[in-house]
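One structure below.
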């Protein structure tokens, strides 16, 4: 089902070590605990988190850790989200950070914690701490791929990406396959760079990069309680990189990872780009694209290779964006099925067999544009999500 | 799949005739054109329409017809929505009204037109006009059931309801099985009463009734281009009914029809009541209930009889309603699975086998409450909606 092909191996930039181990949190026995350590000399960091008001304990913890701009290590577990777990859940996150700090000889206040999996269950802390011990022992400059594998939940493939500057680089790993929605997804992302950067530049560059990548995928309109994207900068390359270059590099890596998330979304059979052009504002373009991306009837139609463009129009009509219904144009995979709000070219000309689908909505209301990537709604999506907790 | 049992026959109030015929608009050969005529003495009417900005030609037409408060007849067709059909679509609606007017000897400006079916196709007008002729010839005071059958699209059963006052009554028919969303659904509803009423009372009563019935069902978050609810008052009973009584009667009939729509929603296996209590405002309660009702992951879980309450919390967390995450309580079918934002009773105690599911969210933020009815997300929903236009 996935369009993601085996990718080239991605290694860590200079100054980092990582590991991925099996702590026994997953019933499957697959790797489920990862550790990424920044050995410096710099320890700059920035992060963005879910905007869900019901946030998991590790999110609450990690917000505080990142607030001072320094992070020495990130510990991530799959097999349990540690969300809606009350005071005990927060204590467990704290204890995990303390244990990582003990193993590495650093401060717990510099350890970001990320968890993913089922909501509403406490983590088996004996397994978590044993896993941290094992990961600490396995840390290696060659550990990026192992860590990326260990953060998978229902992902069918692990996701990594990289971008090389002159004498410096950015690497990234991501997990996420469902609950992909705006303001992030059910996703955890660790970005690493050996560039020498200003902390303020790192924070701004991360926000710019995520705004046009992870914030513009919307697989199923469901927002997670655990989403975290963290970037660590070691400065180990000795190469100073300004905010503009950094922003560009992070955007490239984040966009690749975001596209990989959509390509591996749970049960999806199509990856759909909803491109909205000639909008009065980027906000309008995003509102319209998101309305289409979230329309279950449209998503079912794409699954059935059915170019039911009326459902696109019906979705556009629910927005507050500037447009006149009588001037809307819609094309599907290059066929202008709707012209001036009415019937255009014959819908039977549209070929939806390929995994990638392009829907172009022309609002004729301005000069701005934006694209949201989404997926179709399939039997496999229903199947995979109908018995997750049992 | 449906929980709707065969209901008692519902007849028209005094002063009305109706018919349902086969015009040949549906490939299936099922009845597809209905006519409801108010013979008076009064011809008061009111209507509410979809808030979708992309509205079908018949909606544009009917808004104007109802503006003066007088309607003599309603013509409804299934087998084609006449939406996104441009100037020709509007001309076709106008021509349909003119033809009804000719057949009945009334003014086209007093004829409401409703269409439902595929968006983006012109109606075969020769079949429509021939169907109007046939319906005109078949008009009968006993025609309510036939008309209700003729407006079905993917409905598995026709929907009717009635409420009797002292010497007067209200009857209603509805169609709709998908695209059920706020600000109405893909639904057409004709309400008839023989009460003697003030036109202003009729309008206010209809708005009050729809606000707490059709506006509180949300099967799949998709808003239609054609939704219309129209009420006609003939005054033929000779019994004056004030606004309060009328509002109560219309609310009873609309609530029954709304519940029937959810019970017959496309492919659904569960009808789910999301009840939000102790909200700071009714608006907050509705926002929270709707967020849960629209969460695909939650809806899949219910289909799988999986009490995955974390998905309820994750949905609540996306809203702006007043609440503290640490005080949220959630019960599913009476089992308090989430207490104070954390783990409550064992989720395995929840029995989701029955079609009707009750989710109770306590915001602990005020004294208001509201309930939204929705459906689960099923294989059959995906199947029915993956090849509708082909």
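For all residues, glycine too, the Cβ spot is worked out from N, Cα and C.
Per TrEMBL, the features are:
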ACT_SITE  B:186  active site, nucleophile
BINDING   B:153, B:175, B:186, B:266, B:385, B:390  substrate binding site
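Local packing around the Cβ, expressed as the count of other Cβ atoms within 10 angstroms, is greatest for B:385 among the binding-site residues B:153, B:385. Those binding-site residues from B:153, B:175, B:266 lying by chain A, with Cβ under 8 Å from one of its Cβ atoms: none. Remark: residue B:175 (substrate binding site) has B:78, B:116, B:148, B:151, B:152, B:153, B:155, B:158, B:159, B:187, B:188, B:189 as non-local neighbours, by Cβ distance under 8 Å and separation of at least 6 in sequence.
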